Amino acid sequence: MTSPLITKAEVNSVFQGRSLLAEKDFTPAEINYLVDFGLHLKALKQQNIPHHYLEGKNIALLFAKTSTRTRAAFTTAAIDLGAHPEYLGANDIQLGIKESTEDTARVLGSMFDAIERRGFSQKEVEDLAKYSGVPVWNGLTDDWHPTQMIADFMTVKENFGYLKGLTLVYVGDGRNNMANSLIVTGSMLGVNVHIVAPDSLHPSKEVMDIANKFAEKSGAKPLATSNIEEGVKGANIIYSDVWVSMGESNWEERVKLLTPYRITMDMLKMTGNADNGKLIFMHCLPAFHDTETEYGKEIKEKYGLTEMEVTDEVFRSKYARQFEEAENRMHSIKAIMAATLGNLFIPAVPEDFK
């Protein structure tokens, strides 16, 4: 008597096979689960406990933008999980130039078990997910930065032990992908996110509408304001990002607008939490806090500034958590990869979390 053929087993997981393209694609409980899973995997790593959930898997890493943290995090995370990562840069494949995104997605989806994409267009990463047939992870687009969010809120939870009710203040260009992702993710998780920026650099109405919709359920109080004192009052986390991106031509206008919003020790004191152990500083990096880089020297030469979005004093202070945050990129990305590709038993996630 011959045995019946074994068909593909059903995997009882709320994450298996899903793509992470934007935070709002997941529920607040699912985002929180990934945060906690990242903390768990970090503990396993620290104790040298193997966790090869992706043994035999092949991962395509597609980069249209240069990267230090995202590339290093995806590479080491994949290897720790037992997978093989393959880096394909802008000179290796040219989505939409020599081959359409759809055609590229179909080819890569037939060879790889999952795809990471760091680029510009949100539609492009969505099309990769639509046509590849495998999980796609957004390593950054002009609109959203979801993998960074898991790392960021891991870092917050590590430092405070909880999320709900905390206040995170992002100071800088409120229109960029980091501001978008922070205010939406914070509103999902019950964190009050304030965007402190000039009026012309506030998040779009569409982004604020998404944040406010989640805030109705979580109790968070998202805010966009140009008033620094109002915005930073009561902050537990002061967060910053670069003011300008490489290749932009409008540095001068942006620098003039944002110079009053540089994060200083005086700004930290405005929070009211600088002396009680309830305040940290975070930055997704790279940071222009001195003149030790070519761009730092160029900024000094053009604008007479030795510091940009944050002073060197704050960057090197007892409040600084940016390198802990950077390390957490690896652990959080590992959580995303394992949850969506590792055939893990995750039939449900707790709806209640703190």
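The backbone N, Cα and C atoms fix where each Cβ goes, and this holds for glycine too.
Taken residue by residue with DSSP, Arg69 (carbamoyl phosphate binding site) is part of a helix. Sequence-distant neighbours of Arg69 (carbamoyl phosphate binding site) (same chain, 6+ apart, CB under 8 A from its CB) are Leu285, Ala326, Arg329. Here Swiss-Prot flags Ser67, Thr68, Arg69, Thr70, Gln94, Arg118, His145, Pro146, Thr147, Gln148, Cys284, Leu285, Arg329 as carbamoyl phosphate binding site, drawing on sequence analysis.
Among the features that Swiss-Prot reports, L-ornithine binding site is placed at Asn177, Asp241, Ser245, Met246, with the record citing sequence analysis. The Cβ of Asp241 (L-ornithine binding site) lies under 8 Å from the Cβ of Tyr170, Gly172, Asp173, Asn176, Met178, Ala179, His283, Cys284, Glu309, each of which sits 6+ residues away along the same chain.
There are 16 other Cβ atoms within 10 Å of the Cβ belonging to Ser67 (carbamoyl phosphate binding site). Cβ neighbours of Thr147 (carbamoyl phosphate binding site) (same chain, under 8 Å, six or more residues apart in sequence): Leu20, Thr70, Ala73, Trp137, Asn138, Gly139, Leu140, Arg329, Ser332, Ile333, Ile336. Distance noted between the C-alpha atoms of His145 (carbamoyl phosphate binding site) and Asn177 (L-ornithine binding site) is 6 Å. The CA atom of Asn177 (L-ornithine binding site) is located 16 Å away from the CA atom of Ser67 (carbamoyl phosphate binding site). Sparsest Cβ environment among the binding-site residues Gln94, Asn177 (other Cβ atoms counted within 10 Å): Gln94. Once the Cα atoms of Ser67, Thr68, Arg69, Thr70, Gln94, Arg118, His145, Pro146, Thr147, Gln148, Cys284, Leu285, Arg329, the listed binders of carbamoyl phosphate, are compared pairwise, the greatest separation found is 27 Å.
In this structure, Asp241 (L-ornithine binding site) belongs to neither helix nor strand by DSSP; it is coil.
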